[in-house]
Amino acid sequence: MGDLLSLDFMRQALIAAVLVGLAAPLVGAFLVQRRMSLIGDGIGHVALAGVAVGILTGSMPVLTALVAAVAAAVGVELIRAAGRTSGDIALAVMFYGGIALGVVLMSKSTASSGNLTGYLFGAILTTTSSDIVVFAGLAVVVVGVTWVLRHRFFAVANDEEYARAVGLPVMAYNIALSVLTAVTVVVSMRVVGLLLITALMIVPNATAQLVSRSFRSSLVWASLIGVLSAVGGVVGSFYAETPSGGTIVLLAIATFLVVSVVSGLVTRARRAAHERAERHDHEHGPQCGHQAIPHDGHIDYLHDGHRHAAHKDHYDEHDEHPHERPHDDHAQPEEVSR
Amino acid sequence: MTSTPLIELRSASFGYADRKVVDGVTLSQGPGEVIALLGPNGSGKSTLVKGLLGLSDHLGGDVKLFGTALAKFRDKPRIGYVPQRHSLSTSVRVTVREIVETGRLPLRPWWRPSGAADAAVVDKALDAVGLRDREREDVAALSGGQQRRVLIARALAAQPDVLVMDEPTAGVDVANQRILADVLARLAERGTSMLIVTHELAALSDVVTRIVCMNAGHVDFDGSPTAYAAGHRRHELGDGHHHSPSADEREPGLAAIVTDALPSREVRRG
């Protein structure tokens, strides 16, 4: 790792990886919450048209891509807000129009086809340092704004009708999130590429959902997994001589698969070890009259001499020292049958 | 009148685009009143409360909230909205507390993080609905009735002056309806004003201080629960009913009457 850091371009690439790995899952969390996981992909398509315009006119492709992506992002929200059934088709026209225009325009420029691949799938090691500075600045803004507004994005995504009823500017927050998505797509296009960036927005969140118990902790997990995948992918692609974007995404997906298998096993082990209390309509609570016993981060209620703890839609039996009990199916069968 | 009514409608109409769903309703709610807004499906109850919240269009007449005309009313968190929601299940993991905390957001500017005062109010709101001990659980794991209480707590977190609820007991089993009714009764004891859209008056009969009945966009009864019960007997004797006649309209009041005639609250805990 030491010799890697002595390489100038590698240092740049790693900084970019950390920032993208942080920003993409953070913004993506709210897209997952709004069930708009694939919107980043569409915006990426339109950004390609912007890149092509930039290359053709000799201006900075980053800036033209940014303009195109932000315009597409605002368009997405306006189409959604109109709430027409044809909105879906309007989005398709916009997204595929964007990528088709990009490919056609690119073919008219003198740039090689390798250039196109670089934007579509990421080519961090060939990115100029002036671009990296712009990307870094934008990424810091995305992370900062998303973090400050996270509760509001959460509230609007969680219940749009309620947010409107209490006077939150719902449309403004939706457009803000969409624009943040667009900026993230452009910032990430040299690291993971326009066609792969959505994976880095969504997959770490899917993994985080498996290990976290609250939205707050899932944000932290997703960012952590995103950063590790991005840095790991950049380092891996250097040694394996593979494209950075694909390597990062494969790493993120591998993490997801491993975590889902492990969490599946843990869930099964827990299910085998926990025992349900008898059914009762009565709900335990502060007013129920049963003695409340704080126990390991939750509250047990003393019910006819044994302890009930709320678990999903039923109650579990918790005895005096439940956590010392071996966690397998054959533990204390006489209690299970009770 | 010693105090300004919380909600005041004078021949008010609400609807969507140009279609009037609620037409010419006059109604006023004073502090401390708990009004049940009854009526068959499609009678305009939900449209009316959504109109107060700015979720349906105000198409005519006067509407005042806390003495301010609806168009100029900006202090929206003063109305605590509990939407009709059969399930809170979301695409992501969300704890009970995280949902309730969103109730505080409209009260502070976007750049200010939540403070100790916010946390204290959220604690109280969770206590009020009896879910403090489950605040760290995933809302998707709760029963329908418990999820409804989460939404009530979210509304309470904004410290509103009136709670507006859309079908709080719909789709909730009897045991959970009883808990919900107890929660509402405790709120009423503390002087919380409520406007409750409901089909199931029986579950809430101990809480309600006044009944407003809507039919086909109009109010056709407004009075005390006792008067309402008496009125029902007249209905059952076949006293002339009066809604706007229309060929395809079924006897809309019937379903509500049948439900409401059920004995209230068969079992009391004791």
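Start at 1 and count along the chain as shown; that gives each residue its number.
Placement of Cβ uses the backbone N, Cα and C atoms for every residue, glycine included.
Because the structure is a prediction, the values reported are computed rather than measured.
As recorded in TrEMBL, the features of this protein are as follows:
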COMPBIAS  A:273-285  compositional bias 'Basic and acidic residues'
COMPBIAS  A:293-304  compositional bias 'Basic and acidic residues'
COMPBIAS  A:312-338  compositional bias 'Basic and acidic residues'
REGION    A:273-338  region 'Disordered'
TRANSMEM  A:12-31  transmembrane segment
TRANSMEM  A:62-82  transmembrane segment
TRANSMEM  A:89-107  transmembrane segment
TRANSMEM  A:119-149  transmembrane segment
TRANSMEM  A:170-187  transmembrane segment
TRANSMEM  A:219-240  transmembrane segment
TRANSMEM  A:246-266  transmembrane segment
Stretch among A:89-107, A:119-149, A:170-187, A:219-240, A:246-266 sharing the most Cβ pairs under 8 Å with the transmembrane segment (A:62-82): A:170-187
Sequence-remote partners of the transmembrane segment (A:219-240) [C-beta within less than 8 Å, at least six residues beyond its ends]: 1, 4, 10, 13-14, 16-18, 20-22, 24-26, 28-29, 124-125, 150, 191-192, 200, 204-205, 207-208, 211-212, 247-252, 255
For the transmembrane segment (A:170-187), sequence-distant contacts whose Cβ falls under 8 Å of one of its Cβ atoms, 6 or more beyond its ends: 19-20, 23-24, 27, 30-31, 34, 39-40, 43-44, 47, 62, 65-66, 69-70, 72-74, 76-77, 80-81, 135, 138-139, 141-142, 145-146, 149, 152-153, 156, 160, 163-164, 194, 197, 201
Secondary structure composition of the compositional bias 'Basic and acidic residues' (A:273-285) [DSSP: H/G/I, E/B, coil]: 1 helix, 1 strand, 11 coil
